[in-house]
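Taken verbatim from TrEMBL:
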DOMAIN    1-237  domain 'Tetrapyrrole methylase'
BINDING   Leu9, Asp84, Gly87, Ser112, Ile113, Leu163, Leu221, His247  S-adenosyl-L-methionine binding site
Amino acid sequence: MLYIIGLGLCDETDITVKGLEAIKSCERVYLEAYTSILMVPKEKLEKFYGKELIIADREMVESQSDEILLNANSLNIAFLVVGDPFGATTHTDLMIRARELNIPVTVIHNASIMNAIGACGLQLYNFGQTISIPFFTDTWKPDSFYDRIKENRDLGLHTLCLLDIKVKEQSIENLARGKKIYEPPRYMTINKAIEQLFEIEETRNQKVYTAESLAIGIARLGSSTDQQIKVGTLNQLLSQDFGSPLHSLVIVGSRVHILEIDFMRFFAIDKQSYNEIVKKDYDI
Ligand SMILES: C[S@@+](CC[C@H](N)C(=O)[O-])C[C@H]1O[C@@H](n2cnc3c(N)ncnc32)[C@H](O)[C@@H]1O
């Protein structure tokens with residue numbers, strides 16, 4: 001059996017009872033470590049799960065999935081994914097490959113970044129397409145997310161923006177030695193995402209959003225001690241310190257329910273300016 005198990009959002013204790021029981025029955029346990037992260041080191045997970053974890057990088061998952069699936073017809077194998085296995089991450093290739101090899105697959109779900117939608121006071125019904133904002137380089141500034149935000153905003157819908165995680169490739173030298181050594185990953189902050197949003201607005205100039213557009217910064221969703229949710233204009237959020245990763249951003253659309261407005265007020269950076277924006281932009 002191949003178990004594909006969601007680990008939840010924050011630490012080792014977020015796994016479900018079902019997920020933990022499945023892990024305990026497994027011969028090999030892989031941890032997918034490139035699309036999201038938990039806020040605790042691998043060793044802490046290993047201690048809590050009572051199993052050694054094998055890090056599965058993108059190359060292993062995408063090009064060497066048969067290695068993960070080896071003997072899964074007769075043994076239990078677990079593939080662990082931070083958040084939910086199907087929350088803004090699809091491991092459908094692995095599932096399809098397992099099915100082709102007649103390996104039974106069980107998916108065990110968990111909380112995901114998709115939970116940001118309700119946690120920040122907004123309603124799923126009012127969301128449009130989710131987008132990803134990649135790190136720009138001097139020569140590479142992909143901006144297709146701008147069109148998706150425009151489509152959402154034309155319909156008055158909110159946009160959940162997921163922010164890039166850059167896992168650096170191992171050096172050629174290490175590759176030649178058959179060793180995999182990674183530089184620490186880079187995580188995009190809410191501040192960097194807003195800077196890039198402003199940069200693209202300046203180039204495309206269709207006034208899809210402005211420095212005064214209402215938005216929500218969400219950091220370390222799910223942490224009982226350290227979660228941060230802040231509501232303000234993009235400009236106000238730009239100067240906030242959201243602390244350590246992971247971060248996400250929501251750009252609020254014009255179609256808002258009064259309950260969304262009231263809920264967001266709890267998280268307002270500055271209640272007076274929030275009330276003014278709401279009156280001016282939302283007529284509430
Ligand atoms: C590809 S998505 C994550 C998918 C993951 N499987 C899930 O279900 O949550 C990764 C992005 O989601 C956002 N994210 C994930 N966990 C988060 C958290 N706890 N707090 C804030 N943002 C988070 C970050 O922008 C991160 O770069």
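Backbone N, Cα and C atoms are what each Cβ position is placed from, and that goes for glycine too.
Any TrEMBL annotation is an automated prediction that lacks curation.
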(request) Inside 10 Å of the Cβ of Leu9 (S-adenosyl-L-methionine binding site), count up the other Cβ atoms and send me the figure. (result) 25
(message) At a 10 Å cut-off from the C-beta of Leu221 (S-adenosyl-L-methionine binding site), count the other C-beta atoms across all protein chains.
(response) 21
(message) With every protein chain in view, what's the tally of Cβ atoms within 10 Å of the Cβ of Leu163 (S-adenosyl-L-methionine binding site), excluding that atom itself?
(response) 20
(message) Limited to the domain 'Tetrapyrrole methylase' (1-237), I'd like the whole-number average of pLDDT.
(response) 93
(request) Could you find out if DSSP has Leu163 (S-adenosyl-L-methionine binding site) as helix, strand or coil? (result) strand
